[in-house]
């Protein structure tokens, strides 16, 4: 049986976990990567670089390498229903801030807010009592002008080749969608910022209201939905005033129904790719074992985790396990590639012979996002101009804010 909530001893989002994606750092401290306002920490025209081993020598690719085995499965048509399990390690090169770095992480910076413990900011009970720390944090973690990574664009490429069954992600940054992958292909196991609801009346709250008050100002967002006034009869209504929270899974909350409804698809999987996750947070970590017993599984990560811990850095079984698990020399279904997610994807794409197509997908995706961001900035400037004009006429602050929100909603920002 699967618990419908995450482990109460640790956050229910992979983005809150230690990430295995930065050199020289322990599980408790990870660098946040490039600035979110830069085009990206990766250059989409970057060619595949040869991997170097610990002695600085170029590693040779053999016919039995994990990535080549996987590429052969895809190219031969044996892998037609690929499922991916994704964690925070696929987004750090996009500049998504980390949580646990000792001196620069977001948890560290929240110390000034006098939290009982850092993870309290994602506790539902604590949020109801003190929502201010979460909205302070929201200014840092809201998916703004980030660019998807090569790993995100690889998902789109798989979809275009009609071999992608589903993507299960622990991340809340929505970069899978920004990379062009249709929403119906994605299962956001721990929710995201895409939608927000009132905790009291459950009304969905306009995204612009979240942006204007919660993200840009760091203010607590409350519901302005009209509801039946308490203790009154008839048609008397009042403003709800309940706390608004993005649909991110907090401690004490159920995972989305969509997550559980689509779990059976894992039984149809003929290739499972696990990328950038520590496989520690439940119930997500258990998904790796729901694929058929003969389904090939590949982990791309800085460290071997979960059932892949028995594999060496080369992706092969350790000598002590070869005789036990593979007495006849048969290949095992589990494979491991050690390194950064993006580098592993570049190498896999090269084995597949999709390099030119991959670069085109990334190039077009980047151009489209830059155009959308530019158009949004222009529209935002026009809205700000209109709002300033309104506020010069209207003295009442509440009325001015209502007009501001109406203007922004009309322009569908």
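Glycine too: its Cβ is placed from the backbone N, Cα and C atoms.
Unlike curated records, TrEMBL annotations are generated automatically.
The model shown is predicted, which means the values in this text are computed figures rather than measured ones.
Quick look at what TrEMBL annotates:
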type	residues	note
ACT_SITE	190	active site, proton acceptor
BINDING	88-92, 98-100, 170-173, 277-278, 301-303	NAD(+) binding site
BINDING	198, 201, 223, 240	Zn(2+) binding site
COMPBIAS	33-42	compositional bias 'Low complexity'
COMPBIAS	54-64	compositional bias 'Basic and acidic residues'
DOMAIN	60-355	domain 'Deacetylase sirtuin-type'
REGION	1-64	region 'Disordered'
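The number of other Cβ atoms within 10 Å of the Cβ belonging to residue 277 (NAD(+) binding site), over all protein chains shown, comes to 29.
The two recorded residues residue 198 (Zn(2+) binding site) and residue 190 (active site, proton acceptor) have their Cα atoms spaced 18 Å from each other. In this structure, the recorded positions 190, 302 were compared by how many other Cβ atoms lie within 10 Å of their Cβ, and the smallest count belongs to 302. Note: the Cα of residue 91 (NAD(+) binding site) and the Cα of the residue listed as 'active site, proton acceptor' are spaced 15 Å from each other. A mean pLDDT of 84 is what the model gives for the domain 'Deacetylase sirtuin-type' (60-355). For residue 171 (NAD(+) binding site), the recorded positions whose C-alpha atoms fall inside a 10 Å radius of its own C-alpha are 190, out of 190, 201, 223, 240.
Just so you know, of the binding-site residues 198, 201, the Cβ with the fewest other Cβ atoms around it within 10 Å is the one at 201.
Closest by Cα distance to residue 240 (Zn(2+) binding site), from the recorded positions 88, 190, 277, 302, is 190.
On the backbone, the CA of residue 223 (Zn(2+) binding site) and the CA of residue 302 (NAD(+) binding site) stand 43 Å apart.
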